[in-house]
Amino acid sequence: MARTARSVHARKKRRKVLEQAKGYRGTKKSSYKRAKEQVWKSGVYAYVGRKQKKRDFRALWIQRINAAARESGLSYSQFIHGVKLAGLDLDRKVLAELAATEPTLFSAVAAQAKNALEGKPVDTSISLDWSPTEPEPRTAAKKGSVSRSKKNSQRRAALAAQDESVPYEASASTGAASGATAGSATETTAPAEPEQAEPAEASTGTTETAGTAEAAGVTPSDISATDAAEERAGELGVDLSTVEGTGADGNITVEDVERTADEQGKVVATEGAIEKTEELGVNLENVEGTGAHGRITVEDVEKAAKEQDGE
């Protein structure tokens, strides 16, 4: 009979190690030599992790007990010593649970601990009108909350509704004003006609802007931009309907606004550069930007100031 390479016991030992190493990466799951080392290390890591987990939980319990004991006028060490003097058999885990969920019961325990410290009689049987409080589920709060993007879209829709309602009110007011002025003109004299021409021009201006917005096919509710991009567009005087968004889901970002402002020939500078120009008295129109998308940086302003002083 041919001799086997290994005995039954050796193969069993190897199978056991390789079974424990299943799921490891590379040769750690197939090579017995490397698998044995990794299984041993994983055991060491698990042992260290269990010890560290105990330390972390003990530190958490001490923090909770200390915070609740301070509300009762005791430090952590005074409270623990008073509990031992009172003969209350409560460990830190139970005390921390009472401090977090049942502050009434914890305050009663703290009162007995204070009595034990002051030498007063201690009542180990505490009577309270107590009913367990059920914690509120967190999932319900998360479902009811509104996301930031949804809030932004709702705010934009409200602003769009306000913008749409303003021209109708203006046209109605101009119509009423024109009717009133026409009536007064018929009753009185002719010189009231030049005053009537100004509201007409204003009304035509509103209709022209409305016509351009409709021709562009863009409404304020269709524009999706970040809050920072909207603020930056207001600073640079850029119309968001002319900006092409490159962010997530086509959102308009600050970089998109600055790139459009650069294309339109508007001066784009960082906040630090703007503050620096006020300090040095440099005109931004004479500064050449070297930052991203041609933005003017603080270094550009300082360089322009040196050139201006040299001249």
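Cβ atoms here come from the backbone N, Cα and C positions, even for glycine.
TrEMBL: automatically predicted annotations, no manual curation.
Feature annotation from TrEMBL assigns region 'Disordered' to 1-30, 123-266. Positions annotated as compositional bias 'Basic residues' by TrEMBL: 1-16. Among the features that TrEMBL reports, compositional bias 'Low complexity' is placed at 169-219. Taken from TrEMBL, the feature domain 'Peripheral subunit-binding (PSBD)' applies to 224-261, 268-305. Annotation comment: TrEMBL describes 256-265 as compositional bias 'Basic and acidic residues'.
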*Summarise the model's confidence over the domain 'Peripheral subunit-binding (PSBD)' (224-261) as a mean pLDDT value.*
76
*Run through the compositional bias 'Basic residues' (1-16) and tell me, per DSSP, how many residues are helix, strand and coil.*
9 helix, 0 strand, 7 coil
